Amino acid sequence: MTRIRPDYDAIVIGAGFSGVRSLWELRRLGLTARCFDAGSDVGGTWWWNRYPGCRTDGEAWVYALKFLPELLEEWDFTERYPPQEEIQWYLSRVLDRYDLRKDIEFNTEVKSAHYSDHDSIWKITTASGKVATARYFLPATGITSIPKEPPFPGLQSFKGEVYQTSTWPAHEIEFENKRIGVIGTGSTGIQVITKLAPVAEQLIVFQRTPNYVIPAQNYPLDEKKREDIKKTFDATWDIAKRNLAGHAVKHSGRMVASAGGPEEIQRVFEDGWARGCYDFQLGTFDDSFMDPHANAVTSDFIRQKIRSIVRDGDTAEVLCPTYPFGARRPPCADGYYETFNRSNVKLVDIREDEIEVYDQGIKTASGAEYELDMIILALGFDTGTGAMNKIDIRGSQNRSLRESWTRRLETFAGVLVHGYPNMFVVCGPHLPAGNQPVSLEAFASWIGKTIEHMETNGLASIDVSNEAMDAWTTHVEQVWGGSFLAKHAHEQGSWFVGTNIPGKPSRIMFYFGGMVNLEPWLIKELETGWSSMSFTRLDGAEASNGVSKQTVGGVHVTPEMLESVQIPLEADKVGMTPAEKSKLVNAATAVYIDMAVEEMRSRGLAPKADYRVHWWKVMQDFVDSGEGQRVLQETSLTNQELERVIAKLGIEGEVIARMGPEIVNILTGKTHALAHIMRDDLLFRVYLSDEGRRANRYMAEYARLLTSQRRDIRILEIGAGTGGTTSEVLNLCSPNGESFCAEYMYTDLSPGFFNAAKTTLKKWESHLAFQVLNIEDDPAGQGFKEHTYDLIIAANVIHATARLTNTLSNVHKLLKPGGVFGLVELTRLTPFYNLTFGSLSGWWAGVDEGRTESPLQSPQQWNSLLKQTGFSGVDLAAYDLPGPERHSCLLLSTALSNSVTTNGH
C-alpha cells in the first residue's frame with residue numbers, strides 16, 4: 001500500500017496559552033505545524049470569556065509565558081490581576097512577535113482526530129469537512145473551554161436579552177437602568193455580579209451553592225513594581241514551581257494545631273485577608289486544606305468575615321457555605337460581599353427552590369416571580385475532560401478516548417495516554433490544580449525534547465506503556481483520595497471531580513500534588529531514555545510519512561528552524577516588532593529622499609557625473625512611483641515628529657539622521673558618503689543593527705549546527721570587512737573561544753580591515769587566518785588551493801561584483817564537492833538600503849552587467865545563477881521578516897562535483 005505524506009509535522013488544537021506555547025516549541029524544532037481554533041482570535045478561553053469584570057486570579061508575574069526572557073522585557077501588565085483584554089493583547093503580541101499567527105486557522109472547530117496504525121499519522125477533520133494530517137497531534141484545548149449547558153425550562157420563551165458568560169458576544173451591551181438576573185455564583189458569576197451591581201437598576205442573584213470568596217486585593221502596578229517584577233522574575237517562578245498550586249506564595253511553615261492560641265490564629269488570618277487571594281489560601285496555615293480541624297477553623301474565619309461585612313443577617317447566612325473550605329475552588333474578587341449591602345441587589349437562594357424561565361423573567365418553584373430585562377448565565381464549564389471529549393478522538397485500533405475515559409480517566413503525567421500514539425496532551429486532564437502557566441512551561445519543554453528525540457533518531461511513533469499510565473493514574477487518585485476534601489467535593493458538585501455536570505461520572509480531573517511532584521516523573525523518562533515508552537522506527541518505506549528532514553551539507557536544517565531563532569533586537573527595547581520597526585525605518589528614510597529630490601529639482605541641481613547618476617535616478621523613480629507616493633502619504637510627519645521617530649530607531653536612526661540631511665551634498669559631490677557613514681564605526685554597526693542582523697544570525701546558526709557535528713571543517717569568509725557576520729558566527733560557534741573548526745579563513749579585498757578585525761576578534765585569534773582575496777579574480781592565482789573549503793560565507797558582498805556568474809564560479813572553485821555556500825543577501829531595495837549603500841560606489845559595480853536600478857537579485861534569480869555556475873541552486877532560503885516587509889535572507893547552496901570551470905560559460 002502507498003503510504004500518504006502528511007500535510008504537517010504537527011497539528012495543535014487550541015490557540016490559548018497552551019497552543020501558543022506549543023506552536024513556538026514546534027517552530028523551534030524546525031517542524032511544520034498548523035493550529036486550529038474555534039475562536040476568531042488568539043486567547044482560547046480568554047477570547048470567549050469577554051464578560052464584564054473578567055480577569056485572572058493568578059498574579060501577573062506568574063500568569064505569563066516564560067520560554068524566552070524578552071517576553072518579560074517587552075511587556076508590562078498594568079494590574080496585579082490582569083483583566084481579560086490585557087491577557088488577550090499579551091497573547092496577540094506573542095503571536096506577532098514570533099510570527100506564529102500565520103500557522104493558525106481561526107473560526108475552525110475540530111470534530112474528530114483519528115490515528116492510523118498503518119501510517120502512524122493523525123487525521124484531523126473540521127466541522128466544515130476539511131481534512132488535515134500530521135504525525136504529531138497536540139490537543140491544547142484547555143480545561144475551561146466547554147460551557148455547561150443551561151438546564152432551565154422555558155429559556156427560549158424569555159422576551160429579554162440572554163447571555164452566557166462563556167460565549168460572551170463581541171459587541172457592546174448596555175446594562176444601565178436594566179433589571180438583570182445572574183444565575184451562578186462561581187468565579188465567573190462573582191466577577192459579573194461585582195461589576196454590574198453599580199450600574200444595573202436591579203440585580204437579582206440566583207445562588208444554588210455559596211462559595212468562600214476571598215478578597216483579591218487587586219492594585220495597579222506602578223513603574224517600581226514592574227521593575228521589581230522583572231528583577232525577581234526567576235526567583236518568583238522558582239517559588240511558584242515549588243508551590244503545590246503553582247502560585248508565588250511560600251509555604252508558611254505554620255500549623256493551626258500548633259499556633260499560639262486564638263489571637264495568633266486571628267492575626268495570621270487577618271494578615272492573609274489583607275494581602276488577598278492566594279496569600280490567604282496558601283500563605284497563612286499549611287494545614288488548612290489537609291487537616292479537618294484546621295480547615296474548620298479557616299472556614300469559620302471566612303464565615304465570620306461574611307457576617308461582619310453583609311449587614312442583612314439572613315442574606316449573610318445564605319452566603320455562608322457549610323461545606324469545608326476547598327471542597328470547591330475558592331474564587332477571589334474585591335467587593336463581592338459588600339455588593340449585597342446595595343439596595344438594588346437581591347440574593348435568591350435556589351438550593352431547594354428550583355427555578356424556571358418564563359417570558360418575563362425567572363420564577364421559583366415556591367411561586368416567587370422576578371421580572372427581568374436581561375438574564376446572564378454564569379454556569380461554569382465541563383472542565384478537565386470536556387474539551388477533549390467533545391472531539392471524536394480515536395487512537396490505535398480505533399479506540400475511542402471518550403469511551404476510555406468514561407471507564408477511568410487515565411493519563412501518564414497528564415501528557416500521554418496509552419493506545420494514542422504521538423498524541424501529546426498539553427495542559428489537559430491530570431494537570432496540576434492551580435496556576436496553569438507555571439505547569440505549561442514544564443509540559444511544553446518535555447514534549448519538545450521528546451519530539452526532538454524522535455526526529456533525531458528516526459522514530460515514527462511513541463506510546464506510553466499501560467503499566468506506566470496505570471501507575472501515574474493510581475498516584476493521582478491516591479493523592480486525591482487521601483484528602484478529607486474528596487468526599488465533600490463529590491457532594492458539592494465540584495468541577496474538581498466533574499459532578500457539576502449532570503450524569504458525568506465522578507473522576508478526579510486534576511493532580512493535587514503540584515508540579516513539584518509531577519515533574520520528576522517526566523525528568524525520569526528523559527534520564528532513562530524514555531524507559532516507560534515504546535517507539536516504532538522509520539524504515540525506508542515509513543520515511544515517506546513526511547518527516548521534515550531537510551538536510552544541507554549533512555545537517556538537518558529548515559527555514560522554520562532558522563527563522564524561529566530568537567535574536568535580541570533594538571526593536572525589543574522600544575516595544576516594536578521587527579516588521580513594525582522596519583516599516584518606520586523606511587518611512588523616515590523616504591521623507592529625507594523626498595526632500596532631497598524636491599531640493600535638487602527646485603534648485604536645478606545635477607548629480608556628479610559618476611555612479612551618483614544612477615543613485616539619483618533610483619531616488620527620483622522611487623519618489624515618483626505609486627509605492628513611493630503611498631509611503632509618503634502614510635508618513636505625514638512634522639520635523640519634530642520625524643526627529644522623535646528617528647530617535648527610537650537605534651542604529652538605523654543614526655544612519656538616517658546622519659545621511660538623510662546630506663543626500664544633496666553627496667549627490668552633487670560636495671561631500672562623500674564615506675565621510676559620514678565611517679565615522680564612529682557606523683558602517684560596522686549597521687551590520688549589527690536590526691535591519692542587518694537576522695540573516696547574519698541565520699548564517700551563524702547554520703555554522704553552529706554544522707560545526708557541532710564536525711570539528712574538522714574548513715571555513716572561508718569572503719569580504720569579511722568589518723567582521724559583523726564573523727562576530728555572529730564566532731560568538732555562536734565558540735562563545736568562550738574554544739576550538740570549533742579546523743580553519744576560519746578571514747578574507748577581504750583590502751588588508752586594511754585586518755588589524756581592526758584582529759583586535760575585535762582577539763578571543764578567537766588562534767582559530768583565524770587572514771588573507772587578501774578578490775573573489776572576482778581566479779583564487780588559484782592569489783594563493784588559494786581549489787576545492788579546499790567545506791563552508792564559504794559571503795554576507796552582502798557578492799552582489800557588489802561586476803559579473804555575478806564569474807564571481808560564483810570562483811566561489812565554486814574554492815569549495816569541496818558537497819561543500820556549502822552560505823549567501824547572505826538583500827533581496828529587495830528599500831529606501832533605507834538605497835540611502836545607506838546606494839551612496840557608495842561599490843554598490844554600482846554591476847552596472848555594466850545591466851544592473852542599473854539595483855545590484856540586488858531575488859532568491860529566484862540567485863537560484864538560476866547558482867545552477868549556471870556548478871551549484872545545486874537554492875537548497876534553503878530563510879527570510880528576515882514575514883510577508884511584505886522582508887528584504888534580506890540567507891541562501892544555502894551545495895557545490896556539485898560536475899562543476900562549471902569556465903567563468904560561467
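If you go along the chain as it appears here, the first residue is 1 and each next one adds 1.
Cβ coordinates are placed from backbone N, Cα and C, and glycine is handled just like the others.
Taken from Swiss-Prot as is:
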type	residues	note
REGION	12-215	region 'FAD-containing monooxygenase (FMO) domain'
BINDING	S18, T45, W46, W47, W48, D57, Y63, V110	FAD binding site
BINDING	55-57, 185-191, 208-209, 328-329, W495	NADP(+) binding site
SITE	R329	site 'Transition state stabilizer'
REGION	695-876	region 'Methyltransferase (MT) domain'
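In this structure, of the recorded positions R55, R208, R328, R329, the smallest number of CB atoms within 10 A of the CB marks R208.
Sequence-distant neighbours of W48 (FAD binding site) (same chain, 6+ residues apart, CB-CB distance under 8 A): G39, S145, S166, T167, W168.
The maximal spread of the FAD binding site, taken as the longest Cα to Cα distance among S18, T45, W46, W47, W48, D57, Y63, V110, is 29 Å.
Distance from the CA of G186 (NADP(+) binding site) to the CA of W47 (FAD binding site) is 19 Å. With respect to R329 (site 'Transition state stabilizer'), the closest of these binding-site residues in Cα terms is D57, chosen from T45, R55, D57, Y63.
Figure note: comparing Cβ neighbours within 10 Å for the binding-site residues S18, T45, T188, the maximum is reached by S18.
Nearest Cα neighbour of R55 (NADP(+) binding site) among the listed binding-site residues (S18, W46, Y63): W46.
W47 (FAD binding site) has a Cβ environment of 24 other Cβ atoms inside 10 Å. Between the C-alpha atoms of I190 (NADP(+) binding site) and D57 (FAD binding site), the distance comes to 12 Å.
For I190 (NADP(+) binding site), the count of additional Cβ atoms within 10 Å of its Cβ stands at 24 [all protein chains shown].
Classification of Y63 (FAD binding site) by DSSP places it in coil, neither helical nor stranded. On a Cα basis, Y63 (FAD binding site) lies 22 Å away from R328 (NADP(+) binding site). Cα-Cα distance from S18 (FAD binding site) to G186 (NADP(+) binding site): 24 Å (rounded to the nearest whole number). A helical conformation is recorded for W46 (FAD binding site) in the three-state DSSP classification. Classification of V110 (FAD binding site) by DSSP places it within a strand.
Mapped onto three states, the DSSP output places S18 (FAD binding site) in helix. Rounded to a whole number, the C-alpha distance linking R208 (NADP(+) binding site) with Y63 (FAD binding site) is 30 angstrom. G186 (NADP(+) binding site): 21 other CB atoms within 10 A of its CB, across all protein chains.
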